[in-house]
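For reference, the structure discussed in these notes is given below.
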Amino acid sequence: MLTGQHHIPGIESPLMVVLWRVAAGVFLPLVPTMAVFGNVLVILSVYRERNLQTVTNMLIVSLAVSDLFVAIGVMSFGVYYEWNGFKWGLGSFFCHVYQALDVACSTASILNLLAISLDRYIAIGHPISYAQYGARGGRAMISITIVWGVSCAVALPLLLGVNPMENDQCELANPWFNMISSIFSFFIPCIAMIILYTIIFRRLRQRERARSLRQAQRSETDKISSALLGGAQIARQMGKHFKNRTDQILLEISFQTSSFPTISESSDDGSTISPMINSFNNFLPKKSQYPSTLIPAIPECGSMPNLTIIERPAPPEKEKDIELSIMDLHDTVEMLDDKYTSAMITRSFGEELEEILPFIDGSTSVKNSREQLHATRSNTSTTRLLDVKPELRSISVPSIQDEKKMNSRPPENPFAHQNGTNKQRLLPNPGILMKSKSTTLLKTNGYLDTDSLNNNRNSHKKSTADLLPNDDYSFTDSMRVYKNRLFKSLSRATSGWNKPRPSRHMVKKATKQMRREHKATVTLAVVLAVFLFCWLPFFILHLSNSICLVIDSNSDCIGFLPLYLATWLGYLNSSLNPLIYTVFDQRFRNAFRNILSCGFFKKR
């Protein structure tokens, strides 16, 4: 039963007593009501919303339970004690229960905040370990069990009568118990939490700096990679164009000792070649004057897959003119060689690509082609004509890439590749066709013996071996060498980029999770700051008063009113935590709104 006494310790003025009573009658019941309402919302939100059922939120539920016990079991007795004029009329048992609940719930709140701080430290400082072991409900239950076990152990001496009640005053009057409990249940956990949150925010700051640095490096890396990959793409495209163009040009210069260059219908620069070749058309015999013999197609393993050769013997009176035409043709081919190798190839692909030209078409290169041209011209100028009739050939060579047809009907050079020591005998064996590994076909309508044929082949192999490496490379192989060299340089420039990159979904999920962890850390830091603001004055005054009483038990160190106000400031913290969650956490805010609206917003 409330006594209604107007005497308040520390207040002597009647006016102040009246104001105190009015404020206490309005304010004191409001604090526990808000605490019960808010913490029940927190518990229901985590219970109802699956996305809130995390380890951190389970610890928050434990904190809400301790605040709920403070509101129900501690604040209610505090309101009664104040309304009864600070006289305890419920007996010593309830006084001990009241004091034990006060100490246990306050200690549980502090230890729950410490457990949350440890959870935040592991989540921010060691995210991989947290993802593997920390984000489990079992660990949260172990932490909660330890928190409440320690809290009950700290409050157990009060139930055993360590703090006896005197003169109807239910207060914590044992100074030694007050000092020990304050140090171990508040100050040590507070120091640990401050250290942990300092490390956490330092890690967050370092992570933000590293993220900014990665973004800056990523922009530069993207520019470099775009340039390199773009260059590789351009090189591949130019390589295709170069292959098509080289197939046509090398077809012209490959017949330097056996026939005129062909007039390619698929040439990209026909206007350049045609005027040079047309000057020799006057020496060609008419198509209808001589019979032709069709030789079956010859499969070729290189840049020319098949050839169709048509023989047309030339009249004897044209032999001299054909020889002179061939001599002039070497100058034309040499000019074409200079034009398309040094000008176009070097300009398009750089000097590095010239190293690959020895592998193009199996047996020709820029330098060696020129040497062969000069050597052939010298040989043709000093060698007399044999009594072998020249012939005309019509060669149809499908292109490898675009399968365009290239046809020509120029007269053939009557001189095949010869070794200086070869001796020729005239035997009636016409139509012998020799095929080399390159695109040059050696064809004579004369007479060769077996030794001459073998020597010719051996000399060709020997000359080819000087031009080629150990293996025969087609144009595709040479371009593959260039591509491998290019991508090796790219791999050196982009070392470290070949690590497997996570999918966009995983990156997005990880980014979202990190933002959520950051927001949760900020929210809990605010909770810790508010907790320290509410409870630190009480424990400082409480510890100071206990030390003072230990030194001098008869002195009145700190008055009743400051301790009473500091106690209710600590109780106020239990009703502020749900407000903090509502302001700083969108998920809790949505959950509160769904509960208060009976799920109306969630259904919509």
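Keep in mind that glycine also has a Cβ here, set from the backbone N, Cα and C atoms.
These numbers come from a predicted model, not from an experiment.
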Practice problem: Please name the cysteine among CYS152, CYS170, CYS190 that Swiss-Prot pairs with CYS95 through a disulfide bond. | Solution: CYS170
Exercise. Answer yes or no as to whether Swiss-Prot lists VAL46 and PHE177 within the same topological domain, that is, on the same side of the membrane.
Key: no
Quiz item: Among 24-44, 97-117, 180-200, 521-541, 560-580, which stretch has the most Cβ pairs under 8 Å to the transmembrane segment (142-162)?
Solution: 97-117
Quiz item: Counting only pairs at least 6 apart in sequence, do the transmembrane segment (97-117) and the transmembrane segment (521-541) share 3+ Cβ pairs under 8 Å?
Solution: yes
Quiz prompt | Criterion met for the transmembrane segment (180-200) and the transmembrane segment (59-79) (at least three Cβ pairs under 8 Å) | solution = no
Quiz item: Who are the chain neighbours of the transmembrane segment (24-44) in space, where the CB to CB distance is under 8 Å and they lie at least 6 residues beyond its ends?
Solution: 60-61, 64-65, 67-68, 70-72, 75-76, 78-79, 82-83, 568, 571-572, 574-575, 577-579, 581, 588, 591-592, 595-596
Quiz item: What does DSSP assign CYS95 (disulfide bond), in three states?
Solution: helix
Exercise. Please give the average pLDDT for the topological domain 'Extracellular' (542-559) in this predicted model.
Key: 82
Quiz item: Near the topological domain 'Extracellular' (163-179), which residues from the same chain, at least 6 beyond its ends, have a CB less than 8 A from one of its CBs?
Solution: 81, 86-89, 92, 95-96, 98-99, 157, 542-543, 545-547, 549-550, 553
Self-check item: Neighbour tally for CYS95 (disulfide bond), based on other Cβ positions within 10 Å of its Cβ
Solution: 21
